[in-house]
Amino acid sequence: MLKPFVSITKPGIIFGNLISVAGGFFLASQGSVDGGLFLATVIGIALVIASGCVFNNYIDRDIDRLMERTQGRVTVQGLIPPGVTLAYGGVLGVAGFSVLWFGTNALATAFALLGFVVYVGLYSLYLKRHSIYGTLVGSLSGAAPPVVGYCAVSGQFDLGALTLLLIFCLWQMPHSYAIAIFRFHDYRAASIPVLPVERGVRAAKHHIFWYILAFLGATLMLTLGGYAGYGYFAVAAAMGLYWLVMALRGYRAGDDQVWAKKVFIFSIFTITALSIMMSIDFQVTETEVLMTSLR
């Protein structure tokens with residue numbers, strides 16, 4: 001009875017995002033962790049992400065029927081009525097934003113709202129189906145959680161928060177393009193205009209390489225900017241360089257789908273490792289404020 005209501009929130013996506021939230025939170029905490037604030041941040045953003053996933057499942061129920069990997073989803077199988085799905089998503093969203101508003105600060109809540117609006121309002125409702133740039137715009141929603149975690153502590157949008165936003169936006173691109181390559185036939189069957197389908201797999205390989213290169217540079221900026229230590233720097237450099245080598249191997253890959261799946265899997269290891277390292281290898285620093293919380 002309850003299983004469909006859990007499944008529709010995409011627990012795996014929530015868990016993955018909470019790792020990045022924790023990374024941003026502990027990076028900003030600089031060793032002085034407020035347990036209550038951490039709990040409010042994690043619960044609030046988890047509920048917001050769950051809400052976004054529920055709405056995404058509702059919106060995508062027609063194209064999910066056409067894709068092999070999504071044909072078993074709750075909304076496709078009719079396990080939860082559409083009206084109940086919408087109400088459920090709404091309740092989760094209100095609960096999540098309320099927890100963030102009362103438990104953290106306005107700036108953290110604003111970035112959570114930005115991510116939600118981009119994911120549900122821009123990406124899911126329109127860009128995913130109509131534009132090759134859907135992945136690019138959607139990357140902003142995937143980059144919001146670590147910034148929420150960071151701003152929940154700092155109450156300000158500084159260069160550290162900006163660097164996190166850049167890192168996670170850049171990471172989303174090769175991660176998503178790799179999915180689109182090894183699930184190429186699904187995306188083509190559903191007429192979703194992702195880059196590999198619209199411009200070809202080789203063009204996507206070019207983009208994957210350059211985005212990983214940019215991602216590598218962005219990750220190192222956390223140390224060069226004085227926010228993370230050299231342990232983080234070493235891990236970021238090693239993971240980024242190996243991911244870059246994997247991208248180069250794609251030009252000689254005998255099976256693009258096998259290669260892309262490896263790139264995708266390693267992307268998860270990479271971002272998880274960086275989130276953990278920034279949590280434990282932080283630097284205490286004075287930062288230049290770009291934006292402060294309203295309260």
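Along the chain as shown, residues are numbered 1 onward.
For all residues, glycine too, the Cβ spot is worked out from N, Cα and C.
Per Swiss-Prot, the features are:
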type: TRANSMEM; residues: 8-28; note: transmembrane segment
type: TRANSMEM; residues: 35-55; note: transmembrane segment
type: TRANSMEM; residues: 83-103; note: transmembrane segment
type: TRANSMEM; residues: 107-127; note: transmembrane segment
type: TRANSMEM; residues: 132-152; note: transmembrane segment
type: TRANSMEM; residues: 162-182; note: transmembrane segment
type: TRANSMEM; residues: 208-228; note: transmembrane segment
type: TRANSMEM; residues: 229-249; note: transmembrane segment
type: TRANSMEM; residues: 263-283; note: transmembrane segment
Annotated stretches the transmembrane segment (162-182) and the transmembrane segment (83-103) touching (3 or more Cβ pairs under 8 Å): no
Positions on the same chain near the transmembrane segment (8-28), where near means CB under 8 A and six or more residues out: 38, 41-42, 45-46, 49-50, 53-54, 57, 73-75, 80, 85, 88, 92, 142, 145-154, 160-161, 164, 168, 222, 227-228, 268, 271-272, 274-276, 278-280, 282
Paired segments the transmembrane segment (208-228) and the transmembrane segment (132-152) in contact, 3+ CB pairs under 8 A: no
Highest-contact recorded stretch vs the transmembrane segment (229-249), from 35-55, 83-103, 107-127, 132-152, 263-283, CB pairs under 8 Å: 263-283
Long-range neighbours of the transmembrane segment (107-127), counting only residues six or more past its ends (CB under 8 A): 41, 44-45, 48, 51-52, 55-56, 59-60, 93, 96-97, 100-101, 133-134, 137-138, 140-145, 147-149, 151-152, 155-157, 291-294
The transmembrane segment (132-152) versus listed stretches 35-55, 83-103, 263-283: most Cβ pairs under 8 Å: 35-55
Positions whose Cβ lies under 8 angstroms from the transmembrane segment (35-55), at least six residues beyond its ends: 8-10, 13-14, 17-18, 21-22, 25, 85-86, 88-90, 92-93, 95-100, 102-104, 108-109, 112, 115-116, 119-120, 124, 141, 145, 148-149, 152-153
